[in-house]
Amino acid sequence: MKSEADNLQIVLITGMSGSGKSVALHALEDAGFFCVDNLPPELFLPFVALQKMHQTKRVAIAMDVRTASSLPLVPEQLATLQAQGVMVKSLFLDATTGTLVRRYSETRRKHPLSQAASEHSPLDQRRALVDAIELERELLADLRENAHVIDTSIIRPSKLQGYVKSLISTASEQLTLVFESFAFKRGIPGDADYVFDVRMLPNPHYEPELRQLTGRDLPVADFLKEQADVALMLEHIQKFLNQWLGALARDHRSYVTVAIGCTGGQHRSVYLVEKLAELFGDQWMTLKRHRELEASPLTLE
């Protein structure tokens, strides 16, 4: 017989200030979740108990660094809920320090820890903001360690909303493989568990008729399929993942992000992500993300 907890799904959203938590929370609200922002950790378990009593099916909760003194309670609270059979997913939104500084500078909003940082620093306003961001990283390190990280440094708000919805739609007890293409020239994704460098493979960019296309287009796919090194790289990545995915699933990992990088994030990495998602789609839940094809700055709300 199922308990009442079996019908309750909880998504906890934490992360860096300015990383897009409000965008993610709005996405879940649109998906039918009952959403609460800035819930103090002390009220987390009582709030969940209340939702069980009301037979709420799906709840999304956002917490941030303003309750830093109580955040160490959260990992144990999540473990308690999981032991009760509650479906829990924890998402941590992140971005590079430079990206967060730019977002705050553009909107002229104040970081929630900026006062604490500036009290102990004679440096200018930008330095105080960087200090606040780095302090926040330290305070949230444990939450980041135990969550699925989403790097929002280069992503449109609409794409972030769609990505969050796709993540929460997967079964919580099953490992989900996220394949992500990216360009090394724009940095390695901060949410990657494994990174494969494919810049040594033949580059369609130097074929004039393929330059403006992407790895999702048939002419590019046909070109890369004919390259022996591309087939060998695909085989080696497939073997590596097949070797370790079972162990990761047994370790109760909910998500594993595999990032494939080339120079521009347009041809080779995109093609390999498409192929890997196809190869692993029968055995695992798979999601695809092409960072550079979706790239656009995210702004604060």
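Cβ coordinates come from backbone N, Cα and C, glycine included.
Here Swiss-Prot flags Gly15, Met16, Ser17, Gly18, Ser19, Gly20, Lys21, Ser22 as ATP binding site, drawing on sequence analysis. According to Swiss-Prot, the feature GTP binding site maps to Asp64, Val65, Arg66, Thr67, an assignment based on sequence analysis.
Taking the features listed in Swiss-Prot, we show where each one sits on the structure.
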residue	record	Cβ contacts under 8 Å, 6 or more apart
Gly15	ATP binding site	Lys21, Asp64, Leu91, Phe92, Leu93, Asp94, Leu140, Arg144, Ile150
Met16	ATP binding site	Leu93, Asp94, Ala95, Leu100, Ile133, Glu136, Arg137, Leu140
Ser17	ATP binding site	Asp64, Val65, Leu100, His111, Pro112, Leu113, Ile133, Glu136
Ser19	ATP binding site	Leu93, Asp94, Ala95, Leu100, Thr152
Thr67	GTP binding site	Asn38, Pro40, Pro41
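Same-chain residues at least 6 positions away in sequence with a Cβ under 8 Å from that of Arg66 (GTP binding site) are, in sequence order, Asn38, Pro112. Other residues of the same chain near the ATP site, with their Cβ within 8 Å of the Cβ centroid of Gly15, Met16, Ser17, Gly18, Ser19, Gly20, Lys21, Ser22, are Asp64, Leu93, Ala95, Thr152. In the three-state DSSP classification, Gly15 (ATP binding site) falls within a strand. Of all Cβ atoms in the protein chains displayed, 26 besides its own lie within 10 Å of the Cβ of Gly18 (ATP binding site). Within 10 Å of the C-beta of Asp64 (GTP binding site) we count 20 further C-beta atoms, all protein chains included. When other Cβ atoms within 10 Å of the Cβ of Lys21 (ATP binding site) are tallied across all protein chains shown, the result is 23. Cβ atoms within 8 Å of the centroid of the Cβ atoms of Asp64, Val65, Arg66, Thr67 (the GTP site) belong to the same-chain residues Ser17, Asn38, Met63, Ala68, Leu71, Pro112, site residues excluded. Shown are the binding-site residues Gly20, Ser22, Val65; the one with the most C-beta atoms within 10 angstroms of its own C-beta is Gly20.
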